[in-house]
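**Student:** Quick one: the structure is below, and I'll ask about it shortly.
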Amino acid sequence: MRIILLGPPGSGKGTQAQLLVQRYGIVQLSTGEMLRAAVAAGTPVGLKAKEIMASGSLVPDDVVVGIISDRIDQPDAKNGFILDGFPRTVPQAEALDELLKHKHLKLDAVIELRVNESALLSRVETRVAQMRERGEEVRVDDTPEVLTKRLASYRSQTEPLIHYYSERRKLSTIDGMMAIDEVTRAIHRQLLALGAVEPKTHARSAAKAAPAKKAKAGKKSAKKAVKTAKKAAKSAKTTKKTAKKAVKGTKKAAKKTAKKTVKKTAKKTVKKGSKKGPKKVTKKRAKR
Ligand code: AMP
């Protein structure tokens, strides 16, 4: 399964991506995370991206497209991936279409998390507080000033993607203001409706245990099939019995009717003073 999560900063893309990773056993490809790692490692890409990211602007398209293309080729992405924070511009979306086509891969869905802008600042503030609590380093771009800039760049450069994917019939919009697990359920329902996931996809443990589960399910369905077959055989037997009984009953009834008719006719014949004896008539009629 290959999906894109689309939404402004603070819409819950990262949180949902992690939950979907656990549920479906696929990988999360977050360009923001990859760029932060590159900055921390001081790679050439990191050095290029550092200042741009700190200011809340977007890193050049060719840089992120290159990162994503390489990442998709990694073995752990073969099972599927969730793109979080990519694409962020129409040229990036076009480049993604091209590279997926080149790699013979299909995009299953684009999930847009729609949220009230007024909630975004407080969400990012909560994220910062939680990161501090966990003793994690707080992102340099998680400040009210930079967030305003990131939101502006989302509106002008990323929002056009809603139209882009809607035109291509890939877009599904989910209310991102719901509770976290409700959003996850809504995404799951949407993926089910699109046929991107199988009906019984639960937690990661379930994904890991899939072969065992499948075998169990296979055994179960085999048992069921045997039961059904036995039932069918039983009912066939019953039908046979019923049919036999019915035939017997019909035969009996026929015999009775024949006897009655014979008796009646014999009586009549006797009354009329026929030459033929009643016994002869009885035999003839009974034969009929
Ligand atoms: P994020 O973690 O997705 O909020 O991204 C953090 C920062 O990384 C953004 O503000 C950008 O500067 C940069 N970035 C992440 N993804 C992209 C992208 N697809 N295109 C350009 N810049 C990106």
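Quick reminder: no glycine exception, Cβ is built from N, Cα and C everywhere.
Predicted automatically and left uncurated, TrEMBL annotations should be read as such.
Pulled the feature table from TrEMBL, pasting it below:
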type	residues	note
BINDING	G10, S11, G12, K13, G14, T15, R134, M178	ATP binding site
BINDING	T31, R36, S57, L58, V59, G85, F86, P87, R88, Q92, R139, R150	AMP binding site
COMPBIAS	211-288	compositional bias 'Basic residues'
REGION	30-59	region 'NMP'
REGION	204-288	region 'Disordered'
**Student:** Can you list which of these binding-site residues (G10, G12, K13, R139, M178) have a Cβ closer than 6 Å to ligand 1?
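**Tutor:** Checking each Cβ against ligand 1, none of them comes under 6 Å.
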**Student:** Counting only residues 6+ apart in the same chain, whose Cβ is under 8 Å from the Cβ of R134 (ATP binding site)?
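**Tutor:** For R134 (ATP binding site), no residue qualifies.
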**Student:** Do you know offhand how many angstrom separate T15 (ATP binding site) and R139 (AMP binding site) by C-alpha?
**Tutor:** 16
**Student:** Would you identify the secondary structure of R139 (AMP binding site) according to DSSP, in three states?
**Tutor:** coil
**Student:** Determine which residues of the chain contact the region 'NMP' (30-59) at the Cβ level, with the cut-off under 8 Å and only residues 6 or more beyond its ends counted.
**Tutor:** 14, 17, 67-68, 71, 84-86, 88-89, 139-141, 146-150, 153, 157
**Student:** Taking each of the binding-site residues V59, M178 in turn and counting other Cβ atoms within 10 Å of its Cβ, which one has the fewest?
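**Tutor:** M178, out of the binding-site residues V59, M178, has the fewest neighbouring Cβ atoms within 10 Å.
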**Student:** I'd like to know the mean pLDDT over the region 'NMP' (30-59).
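**Tutor:** Here the mean pLDDT over the region 'NMP' (30-59) amounts to 95.
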**Student:** What does the DSSP secondary structure composition of the region 'NMP' (30-59) look like, as residue counts for helix, strand and coil?
**Tutor:** 23 helix, 1 strand, 6 coil
**Student:** Name the residues of the same chain, 6+ apart in sequence, whose Cβ is under 8 Å from the Cβ of K13 (ATP binding site)?
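**Tutor:** Counting only residues 6 or more apart in sequence, the Cβ neighbours of K13 (ATP binding site) under 8 Å are L5, L6, G7, D84, G85, L113.
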